[in-house]
């Protein structure tokens with residue numbers, strides 16, 4: 001009786017399931033590890049190279065990308081890179097000062113941060129477009145985490161803690177890159193980042209009202225309610241001159257952005273905008289002796305290059321938890337942003353970036369930065385976009401920016417001390433307005449409501465709670481979604497497409513014909529502990545809902561990428577339940593990994609090899625033959 | 001040029017991809033919710049019933065299962081249930097006293113806990129085999145969480161907090177059941193439970209050394225190191241008489257278990273064992289006036305039924321966090337254990353249990369229990385196994401047990417006050433020895449190393465750290481595993497099985513033939529933010545590793561159960577990269593949900609409908625025709 005199904009299937013020569021012995025544990029383990037940590041298999045070309053010297057050269061080129069592009073460098077490329085480097089410097093100066101202001105640290109630190117890190121990135125970075133610099137969101141977040149109270153009470157200690165956090169960020173990023181844990185960044189989804197950026201832009205925008213209205217008293221909290229309350233409760237401090245200047249500057253900057261949007265070739269108008277605002281602001285403040293009229297300016301900026309700061313790193317146990325939290329959270333966000341931005345622009349130029357290499361580059365950039373009076377840097381969107389538009393060809397543009405910044409620090413820094421705060425506020429506001437991606441949000445709403453939820457939870461979480469909570473909630477939703485995918489895998493009933501041997505979802509293809517007495521279920525994703533109860537319910541429900549008598553349940557496992565002990569036990573449990581109803585369970589096309597486990601755990605023996613088929617069509621043919629001859633009662 | 005591929009595919013009439021308009025959001029949302037929370041679709045038969053009265057009756061039967069089985073009850077069934085009920089009572093008395101001891105509460109509470117809850121379960125429970133009672137692991141865990149220091153310092157407050165924790169457990173379980181969140185229990189995998197049970201058994205076993213050696217001073221910690229240190233550092237307290245008695249009792253109990261194992265029909269020998277130990281122990285202790293010779297006994301047990309305890313529930317803010325933690329953690333474990341055990345035995349009898357109903361039953365059982373001087377109850381393994389072996393037919397056996405316990409409480413309770421602690425220790429040890437499932441662990445090791453890791457992390461975490469950390473670590477690993485499944489979905493290269501239109505994994509089926517110029521990749525599980533980078537790397541790597549020139553990349557999406565915005569953008573990104581290498585990307589058999597999203601986000605428009613096929617074979621035929629006529633440069 002056992003051979004009832006085999007008889008017919010043996011007529012289909014060469015179409016048998018391959019039950020040969022499973023691979024050893026270490027083979028599987030190595031494959032798994034490789035897929036998990038080295039999906040891009042970077043060392044293959046190196047290991048295939050026979051010549052030892054060439055091998056070493058290739059490894060060097062791999063680990064230090066500058067050796068890849070520098071030998072091919074030429075004057076033509078240099079022309080573009082110099083132009084791009086000068087353009088991004090004109091953005092780096094005002095942004096550096098503004099974002100340092102946002103982080104409540106001396107503005108000169110912002111300028112220092114655009115000098116050393118670009119050189120490090122130029123050596124190690126894998127993107128040809130990325131421009132290095134500080135970012136608004138992380139500047140605010142680092143200040144929020146370490147605490148702005150401390151910035152007021154003990155600014156020196158606060159600054160040292162910022163350096164320490166930057167050091168920790170660097171070590172963290174480097175370690176992740178070295179351990180090839182880019183997988184962590186994968187869990188910051190596009191939707192999370194869109195929402196987080198939007199929410200951050202909102203709170204940073206509102207923070208700028210302090211500068212625009214020239215307020216002296218202001219809240220340290222960042223959420224929308226506290227900030228708006230703070231702005232309106234200090235109405236007596238509002239200065240109309242400041243507000244007017246702010247509106248003019250903002251209108252000017254938005255106009256330059258608009259020009260760029262209409263005529264992309266005029267991108268340099270928008271890129272120079274912030275510098276113009278700073279220069280005009282300085283000039284006006286200097287001429288009208290602003291300080292005497294209550295116009296707040298940046299204050300003294302010393303000439304000179306970055307002083308060493310390695311001696312300031314503070315690992316006092318009292319502050320360490322705070323500093324570690326700040327370092328890791330900002331490190332993760334900065335990295336995700338930098339990698340995502342680098343990748344987006346690389347795709348536009350049909351180039352590749354390497355996430356793990358980028359992490360190592362960012363990590364070393366921040367470690368060395370923390371030794372040389374810089375704070376957290378990554379690849380900001382605005383600078384990178386300008387760099388791209390300016391036609392940069394290689395990371396050399398970062399070197400050019402570094403050299404320009406050196407000149408600024410050596411000779412021009414004191415000039416910028418007259419920069420009015422209202423000008424900086426306008427620059428930040430203009431940058432932030434570009435970061436709220438309404439269109440993307442609307443697109444998410446239309447296509448995928450859960451993605452929209454993830455995005456909105458980050459957006460509103462950041463705006464109304466705090467930056468870290470917003471991020472955690474959003475990532476939490478993303479992970480719940482990922483878990484729901486596996487906890488409730490989709491499955492569907494198949495029917496035969498007329499005049500073919502294809503079986504497709506009967507809901508999707510209404511023309512597909514179901515066969516009397518058969519239920520063909522296509523399972524999806526892995527079957528394992530997290531969804532085994534569901535899979536069981538789903539199968540039993542499908543059979544219960546079937547109006548006609550069912551004689552065969554065909555489980556198409558082509559889409560089942562993996563199975564665990566609980567999953568196999570569930571299938572056996574289902575089989576037992578079906579047996580009591582005289583229904584036979586047939587397994588179709590288990591994948592390599594799944595079949596291996598089924599062999600190891602004797603699942604196949606229990607089910608019977610003659611109940612495992614290579615295709616639905618084979619199974620249906622074998623069952624049809626069997627249907628009239630074998631009685632289920634006997635065959636078990 | 002655009003129609004190059006269409007021309008040929010149109011010859012395959014009726015085999016076209018169905019591009020009809022996507023379903024509305026609410027249709028999809030309802031389906032999703034139903035699949036997530038009502039996978040068993042319990043209300044379908046009720047809603048299909050036309051008669052209103054019948055409808056109400058069916059609903060009542062659904063929500064209060066006693067109405068399902070009581071009308072069909074008969075004398076024959078009663079005979080079995082009475083026998084089973086008496087047998088489990090003989091286990092309930094010693095276990096009740098022992099586990100109360102483990103929880104550091106008065107032993108009478110253990111007896112009370114076997115009186116009220118069984119009646120509640122009999123009304124609402126969906127399993128015919130489950131026997132209600134207290135469990136060792138949760139008894140110890142609740143004591144560990146609330147703190148045994150308090151048990152010493154203020155036993156009354158401690159007891160009240162235990163009642164409160166039980167109340168919270170009940171509310172929590174009921175809420176989960178009512179909200180149909182059985183999905184949470186799914187994440188406690190079989191491996192986690194095996195490891196957790198084994199680890200708990202080890203630490204409870206070691207705890208019993210206190211009773212066996214008659215120690216007075218003992219640590220409050222539960223980890224192996226502390227307990228062993230405590231036992232050996234108090235060597236001067238060891239009492240050989242106690243140890244000898246303990247070893248005799250344990251040997252007797254293990255012999256009864258062995259008898260049961262050899263002759264399953266003699267299960268009652270093993271079931272009566274603990275009662276015999278208690279009675280013999282009482283007799284000996286009474287005869288030799290044990291208390292005078294330093295034999296520790298249970299101490300006074302009052303006659304009488306459960307007093308009300310609702311007035312003792314203590315929601316003081318000072319203890320609330322502790323109590324909530326204890327209630328929720330023990331509630332989750334008790335529930336997972338109870339549901340898993342109920343289900344395992346139901347499957348053996350070809351019956352069904354309903355996880356959500358069980359949660360509601362457990363929840364009400366604990367809420368009402370907390371009002372009537374009971375502490376945490378669920379379905380323990382030992383009692384349920386005995387109940388099953390005794391041939392119980394319905395939850396009536398729980399009612400019989402409840403009645404027997406009533407008689408014990410009313411008339412016999414004081415007798416048990418002579419029970420020597422060493423006897424209880426032996427009973428617990430014997431029960432725990434049965435809970436360490438070496439065979440299952442070895443099986444896990446052989447079949448699935450990651451499952452084994454999950455199991456061992458619970459086992460060693462519980463033994464060497466603490467129960468909650470062990471559990472958290474193990475669940476953490478399970479979730480990482482679930483996330484890894486989606487972050488690194490398996491994919492494979494397909495080839496044609498000779499003389500067929502089937503395409504299968506070339507690694508699994510070495511006979512499958514690859515076709516020159518084509519790469520056919522079968523993707524698995526959803527493509528979304530968590531794996532989009534990986535999917536991209538994997539595709540590009542496969543193409544890079546191909547020795548011959550590639551002209552077509554065929555992506556078989558049959559196994560892709562879902563896709564999100566990031567996933568679609570990644571595929572578009574891959575397509576752009578391929579275009580620059582003159583490789584065409586073809587999409588094969590997207591599922592219903594995936595195709596819907598692809599239509600909504602205009603993915604299909606961007607790729608071109610003529611590049612989407614229903615089967616690999618169709619695509620290959622269309623491409624073959626196209627290969628010689630269309631030039632890729634022109635068609636884009």
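Here the Cβ of each residue, glycine as well, is placed from N, Cα and C on the backbone.
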**Study point:** B:119-143, B:219-243, B:294-318 - the one TrEMBL records as transmembrane segment
**Key:** B:119-143
Study note, to complete from the structure: In TrEMBL, of the candidate ranges B:39-58, B:59-78, B:359-378, B:499-518, the one given as transmembrane segment runs B:359-378
Exercise for review: Determine which recorded stretch among B:266-288, B:359-378, B:398-416 has the most C-beta pairs below 8 angstroms with the transmembrane segment (B:155-175).
Suggested key: B:359-378
Point to revise | Remote residues contacting the transmembrane segment (B:266-288) - C-beta distance under 8 A, at least 6 residues beyond either end | key: 87-88, 90-91, 93-95, 97, 245, 249, 252-253, 256-257, 259-260, 295, 297, 386, 389-390, 415-416, 418-420, 422-424, 426-427, 430
Review point. Do any residues of this chain, six or more beyond the ends of the transmembrane segment (B:322-347), have a C-beta under 8 angstroms from a C-beta of it, and if so which?
Key: 125-130, 135, 137-138, 141-142, 145-147, 161, 164-173, 176, 182, 184-185, 188, 190, 193, 196-197, 314, 353, 355, 358-359, 362, 366, 376-381, 384-385, 388, 468, 471
Review point. To the transmembrane segment (B:458-486), which of B:80-99, B:119-143, B:187-206, B:421-438 is linked by the most Cβ pairs under 8 Å?
Key: B:187-206
Point to revise | For the transmembrane segment (B:398-416), distant same-chain residues with Cβ under 8 A (at least six beyond the ends) | key: 81-82, 84-86, 88-89, 92-93, 97, 107-108, 111-112, 114-116, 118-119, 121-122, 125, 130-132, 278, 282, 298, 300-306
Practice item. Determine whether the transmembrane segment (B:80-99) and the transmembrane segment (B:359-378) share at least three Cβ pairs under 8 Å, counting only pairs 6 or more apart in sequence. Key: no
Check your understanding: What residues in the same chain, six or more past the boundaries of the transmembrane segment (B:359-378), come closer than 8 Å to it by Cβ-Cβ distance?
Key -> 100, 103, 105, 109-110, 112-117, 120-121, 123-126, 132-135, 138-139, 142, 162-167, 169-178, 182, 185, 306-310, 313, 330-331, 334-335, 337-339
Practice item. Take the transmembrane segment (B:119-143) and find every residue of the same chain, 6 or more past its ends, with a Cβ under 8 Å from one of its Cβ atoms. Key: 64-66, 69, 88, 91-92, 95-96, 98-100, 102-104, 110, 113, 151, 162, 165, 196-197, 200, 203-204, 207, 222, 326, 329-330, 333-334, 337-338, 341-343, 345-346, 349, 351-354, 357-358, 360-362, 364-365, 368-369, 375-380, 383-384, 386-388, 392-399, 401-402, 428, 431-432, 467-468
Study note, to complete from the structure: Residues outside the transmembrane segment (B:421-438) whose C-beta sits under 8 Å from one of its C-beta atoms, at least 6 past its ends, are 94-95, 97-99, 101-102, 136, 194, 197-198, 200-202, 204-205, 208-212, 214, 242, 245-246, 249-250, 253-254, 257, 273-274, 277-278, 280-281, 295-298, 381-382
Exercise for review: Could you give me the DSSP helix, strand and coil counts for the domain 'STAS' (B:508-623)?
Suggested key: 54 helix, 25 strand, 37 coil
